[in-house]
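Residues or ranges marked as active site in Swiss-Prot (evidence: sequence analysis): Arg18, Asn36. Per Swiss-Prot, the feature domain 'Acylphosphatase-like' maps to 3-89; the stated evidence is sequence analysis.
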Amino acid sequence: MKTLLVRISGKVQGVWYRGWTVETAKGLGLAGWVRNRADGTVEALFHGPEAAVEAMLIACRGGPPSARVDDLRVTPVAAPDQPGFSQKPSL
């Protein structure tokens with residue numbers, strides 16, 4: 001199992017990036033969460049089989065059709081305490 005904290009920058013707020021992330025992560029069977037940050041980025045935690053987490057990273061580089069992803073910063077972290085994938089309140 002692999003767990004990554006990802007910070008996505010670019011045109012990623014106001015373009016349905018969080019909703020798309022929830023749907024995509026659930027489709028891959030991942031646990032974790034996604035939220036907007038005050039600095040205009042989106043932050044997400046992905047936990048699951050390595051292949052599924054890597055597939056999610058590839059998907060995040062494209063995002064939904066109206067998004068423009070400029071950068072992904074990826075940090076390995078500890079596994080989340082709760083199952084499932086959710087959208088957290090913005091920070």
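Keep in mind that glycine also has a Cβ here, set from the backbone N, Cα and C atoms.
Since this is a predicted model, take the numbers as computed values, not measurements.
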Please report the three-state DSSP label of Arg18 (active site). helix
Work out how many Å separate Asn36 (active site) and Arg18 (active site) at their Cα atoms, rounded off. 8
Would you report the average pLDDT that the model assigns to the domain 'Acylphosphatase-like' (3-89)? 98
